Amino acid sequence: MQKDPTVAAVIGGTDVQHAIVAGAGARPVDSMGNPWMGSYITASGNLLADFTSNANAEMQGRVQVARLYHMTDDKGVRDLLSFLLARDTMHQNQWLAAAAELREDGAEEMPVPSNFPQSKEHREVSYQYLNFSDGRHASEGRWASGPTPDGNGEFSYHDGPTTTAPMPPPTHPDARFYGTTELSNTAEKMAGTAQDKLKKE
């Protein structure tokens with residue numbers, strides 16, 4: 001590592017692009033060198049959906065900071081991470097409290113959006129758990145029986161995918177995609193040659 005300054009810099013926590021591209025100047029990028037963007041922003045227009053999404057983001061963030069905490073024994077870094085963990089604790093509770101207040105005030109309910117009439121859904125599958133796993137262990141979960149969290153129905157368990165529609169035959173992609181089909185390679189080559197001749201004629 002001492003013989004390779006680039007490796008030493010990376011191991012030491014330095015983004016080498018900071019030196020190479022920007023000459024140690026400020027760049028609008030994150031700690032990994034990715035350009036700043038707003039793709040992570042959630043703004044659906046529905047507050048209960050957005051507040052719940054924000055709580056999830058804070059949970060994911062706190063998980064990552066907790067992992068970082070155990071990757072260092074530096075007292076100063078751990079002090080910083082302890083502060084960030086505490087703030088994520090606040091933010092999780094903040095968004096969950098805001099979501100609960102929306103529901104208590106009747107501004108929004110589950111399922112979101114609650115002002116869309118459930119009568120327009122296929123109600124027979126609204127609370128049906130479809131098991132795609134091996135075995136029936138999923139049937140023991142809270143999500144497979146009993147009242148639903150929104151209070152509007154009862155969970156039911158269905159073993160396997162529904163069979164209300166026949167399975168369509170496999171499609172045949174354009175030969176120029178060179179996808180694998182049930183036809184032998186020789187047959188496909190002959191078909192391709194015939195198509196080429198027809199196009200030329």
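Cβ coordinates come from backbone N, Cα and C, glycine included.
Where the annotation comes from TrEMBL, it is an automatic prediction and has not been curated.
Feature annotations, courtesy of TrEMBL:
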BINDING   E58, H91  Mn(2+) binding site
BINDING   N131, S133, G135  Ca(2+) binding site
REGION    138-201  region 'Disordered'
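E58 (Mn(2+) binding site): 20 other CB atoms within 10 A of its CB, across all protein chains. Rounded to a whole value, the Cα-Cα separation of G135 (Ca(2+) binding site) and E58 (Mn(2+) binding site) is 34 Å. The most densely surrounded of the binding-site residues N131, S133, judged by C-beta neighbours within 10 angstroms, is N131.
Counting every protein chain shown, the number of other Cβ atoms lying within 10 Å of the Cβ of G135 (Ca(2+) binding site) is 8. Reported as a whole number, the C-alpha separation between N131 (Ca(2+) binding site) and H91 (Mn(2+) binding site) equals 35 Å.
Of all Cβ atoms in the protein chains displayed, 17 besides its own lie within 10 Å of the Cβ of H91 (Mn(2+) binding site). Rounded to a whole number, the C-alpha distance linking S133 (Ca(2+) binding site) with H91 (Mn(2+) binding site) is 35 angstrom. Those same-chain residues not listed among N131, S133, G135 yet with C-beta within 8 angstroms of the centroid of the Ca(2+) site C-beta atoms are F132, D134, R136, H137, A138, S139, D159.
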